[in-house]
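For reference, the structure discussed in these notes is given below.
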Amino acid sequence: MRINHPLTGSIVALITPMFDDGSIDFGVLKSLVAFHIDSGTKAIVSMGTTGESATLNQDEHIEVIRATIEFANSRIPIIASTGANSTSEAIELTKAAKVIGADACLLVTPYYNRPTQEGLYQHYKLIAETVDIDQILYNVPSRTAVDLCVETVLRLSNIDNIIGIKDATGDLNVAKALIEQCADDFLFYSGDDATAVEFILMGGHGGISVTANITPKQVASAYQFALENDRELAESTNAPLADLHQHLFIESNPIPIKWAMFKMGKCNNGIRLPLMILSQQAQAMLEQDLSNLGII
């Protein structure tokens, strides 16, 4: 079956808030979920790249997803990030996400071991066949060192519970090819804040956004205008965020977004090694962006 809940528009790639010692701050997590519900965010991705999935162990990974689902209390869909570079581990994470009530799962391509296209196809196929939950592919070759080719996505799109893809290549030609060639009920999400509005105007269904952690109302409005094919309003709403979109990636995500949210008073300044607190030079740039937007 195709998806039966409304995963379109602005989907936040939520941070995992931490105390200064790196332990998880579940109190702040609860407040962030409420913040997004109140701000018009359409869904939350829990434990993705922005959520520091790489530095949390598997028990913590599941506990953060479980808490996010509990705090949401069915008021907003929760997409659990359950990808891994081991197919068996991805299956176990996806099974756990289904049991605790996730609405869908986001599965990054296996990283580091660099599978072939056939290996990628078999990886996703087995997960989909093993766990009956809606699944979204996630292609981010800049991080994984492997690119999920359009032809492989087309093959995977024929599997019933693979419902869409997050394309974080930032290449609108790739987006165009995907949108033109896949079935109408296959969902396309931008994973690149800088090009997300244009991606949606081309026929995408939404964006999984880092910037939405800071400006959820503006991102939600820009994406909604784009979904309505109102280019002028979509672009004018998004334009003030252009510098922020860029500077949130001046160092590796989620370093800049976590510092920006700390500066806003939304969370503590905790982050886990090997990631470190944002450098002073980058802090000055982001602080100027936040000031220009009237956030601080």
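Even glycines carry a Cβ here, placed using N, Cα and C.
Copied from Swiss-Prot, the annotated features are:
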type     : residues  : note
ACT_SITE : Y138      : active site, proton donor/acceptor
ACT_SITE : K166      : active site, schiff-base intermediate with substrate
BINDING  : T50, I208 : pyruvate binding site
SITE     : T49       : site 'Part of a proton relay during catalysis'
SITE     : Y112      : site 'Part of a proton relay during catalysis'
(request) Restricting to the same chain and to sequence separations of six or more, state which residues have a Cβ under 8 Å from that of T50 (pyruvate binding site). (result) A13, L14, I15, V210, N213, N253, P254, I257
(request) Provide, as an integer number of angstrom, the distance between the C-alpha atoms of Y138 (active site, proton donor/acceptor) and K166 (active site, schiff-base intermediate with substrate). (result) 5
(request) Would you mind reading off the Cα separation of T49 (site 'Part of a proton relay during catalysis') from the residue listed as 'active site, schiff-base intermediate with substrate', to the nearest angstrom? (result) 13
(message) Need the DSSP three-state call for T50 (pyruvate binding site) to compare against my parser.
(response) coil
(request) Tell me, if you would, which residue among Y112, Y138 (recorded positions) has the fewest other CB atoms within 10 Å in the structure shown? (result) Y112
(message) Applying a 10 Å Cβ distance cut-off over all chains shown, what neighbour count does I208 (pyruvate binding site) have?
(response) 30
(request) Would you count the other CB atoms within 10 A of the CB of the residue listed as 'active site, schiff-base intermediate with substrate', including those on all shown protein chains? (result) 27
